[in-house]
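Per Swiss-Prot, the features are as follows:
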COMPBIAS  11-28  compositional bias 'Low complexity'
COMPBIAS  30-49  compositional bias 'Basic and acidic residues'
COMPBIAS  76-90  compositional bias 'Basic and acidic residues'
COMPBIAS  580-590  compositional bias 'Basic and acidic residues'
MOD_RES   Ser2  N-acetylserine
MOD_RES   Ser106  phosphoserine
MOD_RES   Thr121  phosphothreonine
REGION    1-108  region 'Disordered'
REGION    566-600  region 'Disordered'
Amino acid sequence: MSESEAKSRSATPPSKAKQATPTTTAAANGEKKLTNKELKELKKQEKAAKRAAMKQANGISIEQQQQQAQMKKEKKQLQREQQQKREQKQKNANKKKQNERNVKKSTLFGHLETTEERRATILALTSAVSSPKTSRITAAGLMVPVVASALSGSNVLTASSLMPVGPNASSTVSASAPASTTTTLPASSAALSAGTSSASTNTPTAIQQEIASSNASDVAKTLASISLEAGEFNVIPGISSVIPTVLEQSFDNSSLISSVKELLLNKDLIHPSILLLTSHLAHYKIVGSIPRCIAMLEVFQIVIKDYQTPKGTTLSRNLTSYLSHQIDLLKKARPLSVTMGNAIRWLKQEISLIDPSTPDKAAKKDLCEKIGQFAKEKIELADQLIIDNASTQIEESTTIVTYGSSKVLTELLLHNAISLKKNIKVIVVDSRPLFEGRKMAETLRNAGVNVMYALITSLDTIFNMDVDYVFLGAHSILSNGFLYSRAGTAMLAMSAKRRNIPVLVCCESLKFSQRVQLDSVTFNELADPNDLVNIDYENPVERRGNKGALLNQFIKERKFEKKKLAMENKPKGNKIGGKKGSEGESKDASNEEDSNSKNILDGWQELPSLNIVNILYDLTPPEYIKKVITEFGALPPSSVPVILREYKGSA
């Protein structure tokens with residue numbers, strides 16, 4: 001033991017001495033300890049010296065080594081410059097390509113949503129809703145297979161694609177449906193819809209048998225067990241893209257894409273009547289602030305009647321969020337009018353006041369009755385009071401100028417001409433592109449009223465006549481007294497003010513807004529710019545209302561393919577000179593005919609320096625307005641805040 005201890009003791013001091021030698025020597029010599037960076041640089045120099053020595057041993061002189069190093073350095077610099085040029089060129093090409101494929105927007109109204117964007121959103125959503133498919137978000141967009149979305153244990157179950165097969169197909173399953181769905185699901189199943197039966201041959205036999213022998217809830221669990229991200233996703237045929245890359249490339253607004261995907265993820269909560277109303281609003285089948293509000297309230301009554309409260313929640317808490325999904329879709333048809341916004345706020349307030357202990361059936365019935373009462377009080381009775389108040393301003397043999405079409409103005413003029421037997425003359429001023437005044441002029445003419453119809457371009461001639469009053473409708477009246485109405489109203493009111501013709505505005509208090517606006521740029525609505533372009537579409541698919549980003553892209557690609565195919569099939573040359581000459585003459589004649597028939601604004605989307613803006617509304621300053629006639633009486637525009645306080649208190 002003593003020998004081993006002695007050996008160990010004798011062995012340890014040398015190692016310690018070796019470890020302490022550098023520091024002690026460095027301290028003795030007064031040198032600093034090298035840092036890691038300096039050590040790495042020293043090792044690098046040692047390696048370089050070794051390589052130089054090896055090259056020199058192989059017969060390469062130091063001068064040659066320096067020349068090789070310089071050449072290598074110059075080569076790297078050249079490669080770096082070429083790489084930068086390629087990156088800059090690619091960046092410019094991508095920027096140019098992005099500008100070409102982006103939806104054209106005016107720099108002044110670039111913050112507003114365009115009609116193309118709204119229609120593309122509706123197209124994407126209706127494609128997803130009308131097809132019985134489940135969705136998932138991929139790099140190419142939101143992909144939907146043929147089989148319905150079914151998540152095990154989820155409250156979202158869309159089984160519209162489960163086609164009934166077999167003798168037990170008539171039975172239905174109500175337990176598997178969520179509480180929020182109003183449709184009954186077929187109990188027996190069937191794996192795929194009839195429209196994709198040809199694609200179902202690729203499905204493995206085991207999965208077909210499993211789906212065919214299961215009910216709807218079992219199909220849901222089976223589909224939930226399939227990993228949509230894995231390769232097994234191929235067992236479900238009929239993949240189609242709802243938001244393809246074309247749509248994403250058309251929009252440079254990321255928030256728009258996210259809102260579209262949000263709508264698609266909640267597509268199972270959209271009521272069919274909301275889809276129908278959205279289509280009517282987007283295609284301008286329902287025009288006007290009050291008609292749009294009445295249509296929305298009627299549809300909300302249907303939605304509330306069909307609504308079923310999910311388990312574990314109450315109607316007063318869940319119905320508000322359920323209606324929010326419907327409202328999000330309505331906003332994509334057209335921006336909500338002020339009357340629609342005020343009605344929605346009132347409805348949500350009424351829902352929040354429902355007692356949670358009230359049965360759902362009684363609460364829904366009471367809510368639908370309140371909606372009907374609200375429409376009657378705030379719209380029908382308000383219009384009747386406005387007609388009574390405004391009739392006192394109209395005397396015998398009065399000439400009245402109106403602009404566009406207004407529900408309350410039409411009823412006012414009919415009441416004075418028919419009920420009160422007043423001999424009045426009405427001049428209906430109209431403008432492109434909606435020509436709303438035509439409907440009003442036709443209604444008055446059919447009732448026997450003396451009507452003159454004119455466009456807004458002849459305004460100077462109209463006011464040179466003996467005009468007594470200018471009656472205007474309103475989309476909204478802001479809290480600072482400005483009138484927010486259809487484009488052209490401000491010009492009409494200003495021209496009347498210059499000629500000392502009183503301007504009277506008939507407006508329900510439901511149209512009053514607490515928003516303050518000084519120009520029509522900050523907040524407005526953009527309509528389709530093609531409505532301002534006088535294009536006679538030969539193809540009915542290209543008419544307004546059927547246009548969309550996806551459809552336009554498809555038509556453009558088809559035209560390009562046809563043109564390319566025609567160029568490929570075109571003969572290389574002509575053997576007969578006379579034939580060539582006759583073809584040249586016919587070609588010149590056709591080109592001349594096309595140039596004569598072509599509109600100057602055709603293909604304006606391809607011109608980068610041209611933007612066509614079709615705004616729907618403008619602002620009329622309060623100094624141009626003499627009175628605002630409401631159900632509370634005739635008031636100056638400065639009294640709008642008082643009415644807002646009264647309306648808010650009564651609501």
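We number each residue from 1, going along the chain as drawn.
Backbone N, Cα and C define each Cβ position, glycine as well.
Summarised by DSSP class, the composition of the compositional bias 'Basic and acidic residues' (30-49) is 14 helix, 0 strand, 6 coil. Cβ-based neighbour count (10 Å, all protein chains) for the residue listed as 'phosphothreonine' stands at 27. For the compositional bias 'Basic and acidic residues' (76-90), the DSSP-based tally of helix, strand and coil residues reads 15 helix, 0 strand, 0 coil.
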